[in-house]
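Student: Here's the feature list from TrEMBL:
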DOMAIN    16-441  domain 'UDENN'
REGION    760-782  region 'Disordered'
REGION    799-831  region 'Disordered'
REPEAT    867-885  repeat 'WD'
REPEAT    898-937  repeat 'WD'
REPEAT    938-978  repeat 'WD'
REPEAT    979-1020  repeat 'WD'
REPEAT    1021-1060  repeat 'WD'
REPEAT    1061-1093  repeat 'WD'
Amino acid sequence: MARLVDYFVVCGLGPDLHAIDGSRGFQGTGMRYQPALLDQFPPLATPECHPPPPQLPLCVLPGGVEIYSTGPNSQDPSSFPRSYPIVLTDGDGSKIYVSCVAFRDPVDDDVAQAYSIPPNSYVDKCICLVSHSACFQVFREALEELHRRCFSASGCSKPIWDIVAHMVTSVPLPSAGKSQILFTVENHLLTVQAPLKGGLPHADMSFEPLVRCLDVDNVLRFFTAILLERRVLLRANKYSVLTMVAEAVCHLIYPIKWQHVYIPVLFYAGVDYIDAPTPYLMGLHSAVDTTDLTMDGVVVVNLDNNQVDFTPEDIPALPEPEGSQLRAALLQLVHPNLVQLDCAQSSDSYLCRFSKPWCQDHDRELRLIFLQFLASILSGYRDFVDTSHEATNVFNTQAFLKKRSRITNVSSDDMVGQLLGTLNFMDFLERGHGAVEAGPNLLDKLQIAMARGEGPISVLPVLAGEREILTVSDASSQGPVSRHRHCYDRFPANIRTPAQDEKRRATLAAAATISPSFSRSGREGDHSKERAAERDLMVLDIKVKLQGLWKRLINLSGAEDPLSSSEYGTIFALIESDVEGIGGSGLVECLREHIQSGWRCDLTDQQFMAVKELMKTTISRATMRGDMPTVCGALEITAEIYRKDLGNVTDYIQRHLGTLPVWDELRFWEFYFEKLENASDKTGSYADIVTEQLVVLAKHMAGLGLRDSKAWLILESIAQKNNLGFKQLIKLRGLLSLMKQVGEGYWGLLPEQAVAVHAQQQQQQLDQSRSDVNHQPSSEAAGIGRSWVQSMFSRDRAVQTHSATAGRPHRSESSRNMPAPNLEPVSGAGLKRGSSGVRLLRGHKASVTALHVGTRAEMGDLASDGEDSGFFISGSADCTVKIWDPSMRGSELCVATLIGHTRAIRAISSDRRRVVSGSDDQRVLVWDKSTRQLLEELKGHEGKVSCVRMLSGDRVLTASHDGSLKMWDIRTDSCVATVGKSTSSVLCMDYDDSSGVLAAAGVDGVGNVWDIRGGKQMQRLVGHTKWIRSLRMVGDIIVTGSDDWTARVWSASRGSCDAVLASHAGAVTNVEFCAADSGIITGSADGLVRFWERGEGGLSCVSSLEGVHLGTVLSIKAGERLLAVGAADNSMSLFHRSEQLQAGRVPPWKLLRTPPRAAAVVRCVAPDVERGRICSGARNGLLRLWEPVLDY
């Protein structure tokens, strides 16, 4: 069951002391210091526990940390504890709600001693509850009670962290509209419940600050600015006001969602964000000075002074008559006594309801008033929504405005016109609102109620019966009551692991050694020469220490873990806590000298991990300082240091550094450009030399996956600094645009986009498919992703230049990789079987998103009278399903087109009489093959359907992004049972019909195994840290592939992980199991296919395939004699093995043949291993069928 609280965290002054301005060490009580994450529960070492957002400490203490000479004082209100909420935005766009209590706490003794902080000093500390549920009031009460118990004279009945553990791990998330959760913090009773389904979104907060800080007219101006996507800045002297007002206005624009930058409380150092050109909603404390900012076009809402600074062009007037009605309703709610002054008193009057102090009834009425306004101005909007695939625009804005003009007798409606053109409104439509199959939403229900003359309150759901009350008891409190009380003079730290203690001690020890030379320059008696001499002595001392530490680190015995050693901890602390980079540059120099002395750079797996982390830290810290020579020096070192993996493949450290922020730094690319320029022979014109170096940069950027806008900004800046002419800039822009096309995602175009561009691009795409394979931009760009590892900072200039221009992947001589075959060139795409065996199947108008191989036994009446050719069934983003007969020729190749879905098809299955398809429209359709008619429509999923499988006995098994797995009986058109439920979207599944065992996995990285016949869950397979994209089950063995770069082998009966296969340099996108030899085959986003076999030491990689597939491996299918592989770069490969045993063992797979590669981006691949052929579906709507002539 999902938890109510994700984390409990403590933020404050960490052992690595830095002031806000970057200066090192203690700078006095008048300075503010950078906050750090001190403690958290659950700890990071807990399985399935992901780290909190890295910006969390800076956001919960926006003004930084201040050191005080006195603690809490009843005569000083500024020293009182503060309670406020914070809202963060996660990487997927979801909100993270943080409730905080900040207070003064004594400085830790070891920190005070290391930095010579005066005794009895206090510092800001903040305790927080982090959750994805907006339970502001409940969390506030819980934290305040926890704080009171910690510092009360009576103390707590048990340790404070035991109370925290109970609150975080034991309190579940309540079911929407069904349950009410009761739990306690010590003896303080708290309750939490979720709203009813179909009603207004959950908002456990008061909207009163909005209407108390702003008058009615300013509230309307603020609301309009948000609705029209303006840049809005809130100012207030309380963090709570900023957060609650920002959240309130986001709820008032419901059902429209704010899609832009959202930072309700901006940390002080991020004030420059205010000049961003894109729409945003930010909040900034009133104490922060913004006089140096331009603030052009920014709507400033001053909540302290009831003031909204704007221009009439920024905020148009509300439409009439709805604007006047909205203003009157707000006045009546906010000032009922004034509006109803002349009205006679009545027991059921509006005055009696809302003249009482502000409460939840006021909040609900306020939200309904604004919802009624939106329902009025968008009346009849559904009639102008066009979800057909031929439509270029989802919404007919002009027709809607004309109709509204006739109704209101107003010729121009500027505000409504701007609203209909916003990204927020388009997102509202794209989420399905307005489509016929979507059903009425709350806005539609209110429009219907208004037409009937009913009030808005009538559209809200009503609770049927009593809520189920669930009481969460603390198991530790069930025993005998202890009289011992736990009292604290400061908020206690959680128990640290030995590694954490060692790291903290090393950081503080380094601070005690280094900090004196970085103390304030204003000390009397200091002289510059003495400081320089002291620094030189210190630099020499650190480098000598690093030499000794490094040698001891690589000479550790095999039984010792380098990551937990004191040598590693001390080196790490010297690098991380060094503001001038002496530790980082010293380590780079130490390693360079060691390599030059004859060291071969070969490390064990544990040493490799330790050195990799040290190099990452060195590069990150040097990037923050702008120390590009150290960055480049570290990258040169990482290109030399390696290990040998289980497959005896050389694995260099540098290939693990693609996610570092250094690649987004202009300073880095400028330095690298100068490095290339200095190394060039400088023959030719100046413009040609500069252009050549910029082309090298552009290709490295494409290989690194740098987004197009960022890459062009860097290239353009360097070009302008070197006075490059406009002709060269145009050529460079064209090159980068080509790289962007090559790097586009393989999902292809959306249906409406595909139809809009299909007419003018179809011929161009067909010509491109027929082009010579010797000109393959996709293959070249895909190769760059791996080639930069050895090219960018290789000491061999020839390797650097050739690899950067040719994009050839590096291959180790000592690896046991299969040799890449010589790909024969081909001059045309319409080839006959017997030459290259490649044919193009045309018919789809958008990206092919699903493929299924059908046998002759499955095809039934659609099977031809010729050879047993087999069939392929394809699904597309054009919402059609097509059945292809490879034995046919010309226009007869497509024997059936099935139309019925309204969004892209994601899964297909079939039997002898029927075809089953699942789509993004949340439906499963069953078709009759002989009549090509729609038989059944299976509804029940609340998310995109990701998997379908046809079973015996007229059953269908489906999985969806809503986390459910359902069994259907197509004879009765009903769902027999929900056979499994996952906590996240299901991406893959496998089912054994003989045993009734079902396995599925998805976004949460957890595999689930159910016994369908027994109606119970058998196992939860916990181990992966990221999405699981592929799953295969054979007997008791389950194999999973994940985005965490590993595959795992599990036992379905025991639930144990028997092996971890970790040799890929990217997400493992496909896994296959070979029953003949119990071998496993894995394919990855790194383009490699690895073969694993069982030996004395367990599973090990015996060989791998390089050079054939440069894109993500999308499909692997093994038969008795043939193995087929397909990848996203439209490359295919076919393997064969003999039926005769060799030395009593099954012979290994041998690469048999590969076809010419075409320049199309592929989304899906379906191998037919029975007949030795492969079909791929591309983003341009073409299917590529390879039917080689097999002569084995």
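Cβ atoms here come from the backbone N, Cα and C positions, even for glycine.
Those TrEMBL annotations? Automatic predictions, nothing curated.
Because the structure is a prediction, the values reported are computed rather than measured.
Give me the local environment of each listed feature.
Tutor: Mean pLDDT, taken over the domain 'UDENN' (16-441), works out to 85 on the 0 to 100 scale.
Long-range contacts of the repeat 'WD' (1021-1060) within its own chain (CB-CB distance under 8 A, at least 6 residues past either end) are made by residues 47-48, 50, 987-992, 997, 999-1003, 1005-1009, 1066-1073, 1075, 1078, 1080, 1082-1084, 1098-1099.
Long-range contacts of the repeat 'WD' (1061-1093) within its own chain (CB-CB distance under 8 A, at least 6 residues past either end) are made by residues 645-647, 649, 651, 655-656, 782, 786, 1026-1027, 1029-1032, 1034, 1037, 1039-1049, 1099-1106, 1109-1118, 1120, 1123, 1125, 1127, 1129, 1133, 1145-1146, 1148-1149.
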Student: Counting only residues 6 or more past its boundaries, what in the same chain has a CB within less than 8 Å of a CB in the repeat 'WD' (938-978)?
Tutor: 906-911, 914, 916-920, 922-926, 984-989, 991, 993, 998, 1000, 1002, 1010, 1012, 1015
Student: Count the residues of the repeat 'WD' (979-1020) that DSSP assigns to helix (H, G, I), to strand (E, B) and to coil, and report the three numbers in that order.
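Tutor: Summed over the repeat 'WD' (979-1020), the classes give 0 helix, 26 strand, 16 coil.
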Student: What are the DSSP helix, strand and coil residue counts for the repeat 'WD' (1021-1060)?
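Tutor: Final tally across the stretch: 0 helix, 23 strand, 17 coil.
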Student: What are the DSSP helix, strand and coil residue counts for the repeat 'WD' (938-978)?
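Tutor: Taking the repeat 'WD' (938-978) as a whole: 0 helix, 26 strand, 15 coil.
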